[in-house]
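Scroll down for the structure; my scribbles are underneath it.
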Amino acid sequence: MEPEFDHFQSQMDSDNTHQSTMFNVQDNNAILMSGMENVLQSPRQLQAAAQAQQQAAAQAQQQQVQAQQVQAQQAQQQQQQQQNQQQQQQQQNQQNQQQQQNQQQQSQQMTQQQLQQLMPPPPTSDTSNFNDNISYFVYGSQFTVPRRYSIVKCIGHGAYGVVCSAKDNLTGEKVAIKKISKAFDNLKDTKRTLREIHLLRHFKHENLISIKDILKPNSKEQFEDVYIVSELMDTDLHQIITSPQPLSDDHCQYFVYQMLRGLKHIHSANVLHRDLKPSNLLINEDCLLKICDLGLARVEDATHQGFMTEYVATRWYRAPEVILSWNKYTKAIDIWSVGCIFAELLGRKPLFQGKDYIHQITLIIETIGSPSEEDICNIANEQARQFIRNMGNQPKVNFANMFPKANPDAIDLLERMLYFDPSKRLTVEEALAHPYFQSLHDPSDEPICLHKFSLNFEAWDLNRDLLKELIYNEMLAYHPEDPQAPYYTDLNNPNFNLSRIQSSSELFNLLQQQKQQIHQQVNQQSIKN
């Protein structure tokens, strides 16, 4: 019976297990059903969440749009402010410009009114008041001229003085008037003034500036400022070279030809200019060229000491023999200067822009090549000779490559002007006869000076009073109506022998003797009449 019991019990246990399993399944189903209920509820929640997200996104987008609108409004306001500021600035600038224009117009009107008040137009027939003086103030300096001249404007000022353009009411010509203030305070400058006046008064040439008048002071005692009246030119060669104005080969040819034509007249009088440079070559709008500023000029055969050592020529246009202190230099120094100016016309910049003496001679040798040993031996300074030897053998630069657009004849002429050895350079007559000037050269229209100059006073230690006397003497030549005009003595007259003069006092006495003799001759002639 036991087994059965056991079997039954086993069956019971099995049933119980099955029942227990059934209960477990039911529990799981209940859990599952509970989870399903949760799952069935999530779409509503998700929909609500989605709506919330959409609302949040819409709000964020709206806020972003509003922020962008605010930024756009701010940017527009800033732009408007900038435009307003620009308009205000433009208006302010316009107002400032208008004020400046008004001030300039007022200034011009005031100047014109002052000129009209100071100098009314002179009558066309009555010139009785032409000798009455009238004063202007130009750059702080009193500018006193006769009413014969109507001042137009200031055209230059510097250490040398003031230059004004003016109209000569007697002739109708336009002139330039240069005032040399305190002309007798510096003896070196006074001597330069005397030299230039004396030379220009005698030179009469189309390509040399001419002195038309030296204004007469009220008295010799009041003679402190020198006023020189000359031709009025439009510009100078330096201004033309540095301008954008195109320069053709015809321009270069005509300018250099006129330089040489004027220089021929100077050299024929045995005078060296010694300071040729573009700013000393005056030009008119019709391309007429005139050489000016002979203040550094010298007579070639001068025997006085110091002739070779005195400062001469602007460095860029200075010949090698001047820089290196050769024992003697000649008219060839002016040909060198013309060559430098010619190259500047071709290249529109200076050929040798040396910063000092050493740099200048270095540039020259690097361009035209090393000099020969014979040329080096002509240099007086041993250190200069050694410096050039230490440079070694420098080859010559090809000017045709330097100036590729230049006329071949122009290149040939330039090379012949810029030899290191002055004796190998062309003379002014040879340069004028060069093929480059074939269409211009006419020996019959290239006049020379008919008499030689001999400026013996260069050797004397002239004092202030004697220099003043000599310049006053030169002034009298322009005023034959002056009672003292008969006392005028031409220092270059062969009859006025200066060779025996040894001192300034002897010269002064000789001048007085000459004047007394002239005065006696005038009186005798008056008695006969």
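Each residue, glycine too, has its Cβ placed from N, Cα and C.
A quick note: this is a predicted structure, and the numbers were derived from the prediction, not measured.
As written in Swiss-Prot, here are the features:
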{"type": "REGION", "residues": "1-20", "note": "region 'Disordered'"}
{"type": "COMPBIAS", "residues": "8-20", "note": "compositional bias 'Polar residues'"}
{"type": "REGION", "residues": "100-131", "note": "region 'Disordered'"}
{"type": "COMPBIAS", "residues": "100-117", "note": "compositional bias 'Low complexity'"}
{"type": "BINDING", "residues": "ILE155, GLY156, HIS157, GLY158, ALA159, TYR160, GLY161, VAL162, VAL163, LYS178", "note": "ATP binding site"}
{"type": "ACT_SITE", "residues": "ASP275", "note": "active site, proton acceptor"}
{"type": "MOD_RES", "residues": "TYR311", "note": "phosphotyrosine"}
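According to its DSSP assignment, ASP275 (active site, proton acceptor) is coil. Cα-Cα distance from GLY161 (ATP binding site) to ASP275 (active site, proton acceptor): 19 Å (rounded to the nearest whole number). In the three-state DSSP assignment, the secondary structure recorded for HIS157 (ATP binding site) is strand.
In this structure, the binding-site residues ILE155, ALA159, VAL163 were compared by how many other Cβ atoms lie within 10 Å of their Cβ, and the smallest count belongs to ALA159.
Proximity to ASP275 (active site, proton acceptor), defined by a C-alpha to C-alpha distance within 10 angstroms, is shown by none of the binding-site residues ILE155, HIS157, ALA159, VAL163.
Across the annotated binding residues for ATP (ILE155, GLY156, HIS157, GLY158, ALA159, TYR160, GLY161, VAL162, VAL163, LYS178), the two most widely spaced Cα atoms sit 14 Å apart.
VAL163 (ATP binding site) falls within a strand when secondary structure is assigned with DSSP.
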